[in-house]
């Protein structure tokens, strides 16, 4: 269901971008088509549809009760099975203390488990998680990988449109039809492999390392797939305006008597089209493979996080990971790649006399090297962190094997006067 949203978003964006920006103006000015760089789609309509949908769904959420009723016996049994601590929210103490939770007999003791934790316990839990080297490394790896995911989903439509000379609506459709199925299939396959082979932390790291290497080579292949620039293509030159070509006379969409062209050559409205089907097909195929192996790492990364921290800190660790990813990746990634793409602009439109507008034409020859070159460097950082995590994990697995084996500690079995189930307490 999570992948259904992006799929619908890409399809809706494709339909809206194929429509002119204004409503009620059926006549497009100056004969501009969807392939023209001056085309402006109905970009604002998507925000209205999304905001309206969220508003309607929020009313349905308000109909749910503030607290869901739950049987007290089920609560006590779930606590006994997980062998939790006296205070579930005492996160800081849970990282350093291990004991068996006594059996609860009344609702007052159960309510005490749901009290709000102290601020110092939260900071202690954060410190305990950040001191966990395995958890810290996998969070940094997820953050680095998230930079690529956020940047590709944000700018891939503009990249395909600029490099392969396609319309914005067609680029949105192709991007959605490639990225969304590959992400769904990759996530499902990754979860199946982890479950099928019962992978531990070490096996998950090896799996991530293999998939990272494959996607790395895929990014290198994408670096060289592009169409020839439409600025100059087969002795056809794209001018920014008829004035740049030195044209004097106009006849509809044709311009003649141009001083910058050989005698007898005219200029036609629009840009020189160079749609390379072979390069576009190969690019989309490799993009599917890269996205598949990129999302194949999602489930192993989650397994490493859950198994590298204690049970009482798992939920808190996932929340901390999400916070770190947003700070390090999801917020600065669009800004970073936006600056990289803007630096490859050949001509900016002028919004006002002293204000720059949107980019009119990008450098299709240099844009792949700058965009995917940056992605390859970021992928190399992730690969380097994976190597460190693999070495640390192998050493942690060897340390218990080198220690002399000691007999298991004795256990004390206590039985209540009412002959209930025995409570086993391990002596330290």
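Placed from the backbone N, Cα and C atoms, the Cβ positions cover glycine too.
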Range annotated as transmembrane segment - as stated in TrEMBL, picked from 207-225, 226-244, 245-263, 397-415: 207-225
Annotated stretch (transmembrane segment, per TrEMBL) among the listed ranges 97-119, 327-349: 327-349
Stated TrEMBL location of transmembrane segment, expressed as one of 43-64, 65-86: 43-64
Folded-back contacts onto the transmembrane segment (281-306), same chain, C-beta under 8 angstroms, at least six residues removed: 134-135, 138-139, 141-142, 145, 148-149, 152, 156, 160, 164, 174, 178-179, 181-183, 185-187, 189-191, 193-194, 199, 201, 204-205, 207-208, 211-212, 214-215, 218-219, 221-222, 225, 314, 317-318, 321
Per Cβ pairs under 8 Å, the stretch of 43-64, 129-154, 174-195, 327-349, 369-392 packing most closely against the transmembrane segment (207-225): 369-392
Other parts of the chain folded back onto the transmembrane segment (43-64), taken as Cβ under 8 Å at six or more residues beyond its ends: 9, 12-13, 16-17, 19, 21
Long-range Cβ neighbours of the transmembrane segment (129-154) (under 8 Å; 6 or more residues past either end): 6, 95, 179, 201, 208, 291, 294, 297, 301, 304-305, 308-309, 313, 316-317, 320-321, 324-325, 328-330, 333-334, 336-337, 375, 378-379, 381-382, 385-386, 388-389, 392-393, 396
Long-range Cβ neighbours of the transmembrane segment (327-349) (under 8 Å; 6 or more residues past either end): 140, 143-144, 146-147, 150-151, 154-155, 158-159, 231, 240, 356-363, 366-367, 370-371, 374
